[in-house]
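Per Swiss-Prot, the features are:
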- GLY127, SER128, ASN129, GLY130, LYS131, SER132, THR133: ATP binding site (BINDING)
Amino acid sequence: MIPVRGLEGRKVAVLGLGRSGLATARALEAGGAEPLLWDDSPEARAKAEGQGFTVTDLTRDRAFEGVALLVTSPGIPHLYPAPNPVIARAMAAGVPVDNDIGLFFRSFATRDWDAFDQMPRVVCVTGSNGKSTTTALIHHILSEAGRPTQMAGNIGRGVLDLDPARDGEVVVLELSSYQTDLARALTPDVAVFTNLSPDHLDRHGGMGGYFAAKRRLFAEGGPDRAVIGVDEPEGLYLAGQLSVAPEDDRVIRISSGQKLERFGWSVFARKGFLAEWRKGRQMASIDLRAMPGLPGAHNHQNACAAYAACRTLGLAPRQIEAALASFAGLPHRSQTVGEKGGVRFVNDSKATNVDSAAKALQAFPKIRWIAGGLGKDGGIVALQPHLGSVVKAYLIGHSARDFALQIGATDHEICETMERAVARAAEEAQPGEVVLLAPAAASFDQYPNFEKRGEDFMEKVKALL
């Protein structure tokens with residue numbers, strides 16, 4: 001646990017009692033604060049009381065008298081589409097609002113600098129797609145190289161549940177826009193921006209607000225080194241804003257398709273090979289085609305980001321290459337479930353938006369595509385240029401009929417359920433084809449989350465193998 005510093009003897013309100021909320025309460029208590037907990041759910045409140053915490057109704061009048069800070073869980077809106085009433089009440093009372101990420105940065109190793117021979121460092125990864133894989137890959141590479149490391153944030157443990165800092169340790173955090181948007185302190189040593197595509201726009205008031213939330217990680221006084229994906233306009237802009245000149249090697253530009261040889265430091269992938277260039281010289285080349293856990297151009301971008309971050313931490317190219325080869329990938333992200341009769345079944349349930357689905361569709365030459373769910377703003381019209389590899393689409397969920405109208409002349413069948421979609425795709429697939437779940441939609445019409453959707457797909461596939 002990371003005890004929260006600087007709030008000793010103060011009352012701190014905690015809103016939202018899921019994993020991060022309860023971890024925050026424990027860390028506040030360990031640091032000497034007095035946490036006051038609230039959640040709209042009676043079950044969550046009862047669980048907190050059962051663990052010995054004080055539950056206080058933060059919706060009542062004058063609830064914030066004497067309260068020094070409100071700490072809120074990332075899923076609770078503080079501005080758009082409308083502030084949560086408790087957060088609005090805190091703001092009206094002049095009480096500052098933070099989250100567990102902000103508390104982590106104000107507390108991690110801050111009183112122990114003289115205890116370390118080699119300072120602990122923090123790497124943060126944000127972006128629309130590839131965050132989890134990049135975070136897990138950095139952690140895996142560091143572990144394989146023998147470096148002490150922990151992983152947390154939007155993946156793994158809550159940040160305040162981490163163990164206290166060790167000498168020379170690297171903490172790798174995946175941060176969503178919900179987490180970066182509200183944190184009052186964001187001071188990573190290395191920050192990674194993978195890419196940007198429309199997502200969570202209702203929570204940020206539009207694309208500009210969404211980008212602004214991600215960009216906070218790179219604010220003045222932020223990272224010593226920035227790793228920026230420049231395959232979209234926002235990444236190009238961010239890299240330019242952070243650089244004093246093209247040769248500035250404090251910014252490492254990465255790409256999964258462009259040559260970036262003219263910059264001070266760059267890492268890019270083309271035709272299956274990763275190349276590192278620094279000050280006009282090629283420093284390394286790695287063949288990514290044989291890496292089983294990193295199929296497709298989108299995973300090559302993840303590999304470039306992880307490689308660049310680990311190079312800034314002092315790892316050698318060959319150390320990184322060996323670790324890339326042993327990376328198994330993450331569940332529900334280009335995950336091979338099995339193969340039968342020359343047909344491969346791939347679970348990419350995490351492809352919940354158009355951009356991530358497009359990258360999944362580019363990874364294989366002949367695809368039986370299972371798509372659908374709860375569609376997002378704009379539908380999937382933007383996927384039309386990427387449908388050349390799709391032999392047939394099998395559409396499920398709430399958006400099935402809308403998707404059928406948006407995929408043009410692509411052969412398709414409305415299946416409604418995962419069970420029928422898997423059965424029909426498996427029945428019609430030919431040797432050399434891939435049955436791919438890449439929904440391009442949220443899961444909430446039929447499943448509680450994308451993980452459960454992916455598990456259902458895998459269960460149906462394994463029954464056929």
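Cβ coordinates are placed from backbone N, Cα and C, and glycine is handled just like the others.
Feature annotations (Swiss-Prot) mapped to structure.
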| residue | record | Cβ contacts under 8 Å, 6 or more apart |
| --- | --- | --- |
| GLY127 | ATP binding site | THR134, VAL192, PHE193, THR194, ASN195, LEU196, LYS214, GLY229 |
| SER128 | ATP binding site | THR194, ASN195, LEU196, SER197, PRO198, ASP199, ASN353, ASP355, SER356 |
| ASN129 | ATP binding site | THR194, ASN195, SER197, HIS298, ASN353, ASP355, SER356, LYS359 |
| GLY130 | ATP binding site | THR194, ASN195, HIS298, ASN299, GLN301, ASN302, ALA305 |
| LYS131 | ATP binding site | VAL125, ASN154, ILE155, GLU174, LEU175, SER176, THR194 |
| SER132 | ATP binding site | ASN154, ILE155, GLU174, LEU330, ARG333, LYS350 |
| THR133 | ATP binding site | ASN299, ASN302, GLY329, LEU330, ARG333 |
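Those same-chain residues not listed among GLY127, SER128, ASN129, GLY130, LYS131, SER132, THR133 yet with C-beta within 8 angstroms of the centroid of the ATP site C-beta atoms are VAL125, THR134, THR194, ASN195, ASN302, SER356.
The DSSP secondary structure for THR133 (ATP binding site) is helix.
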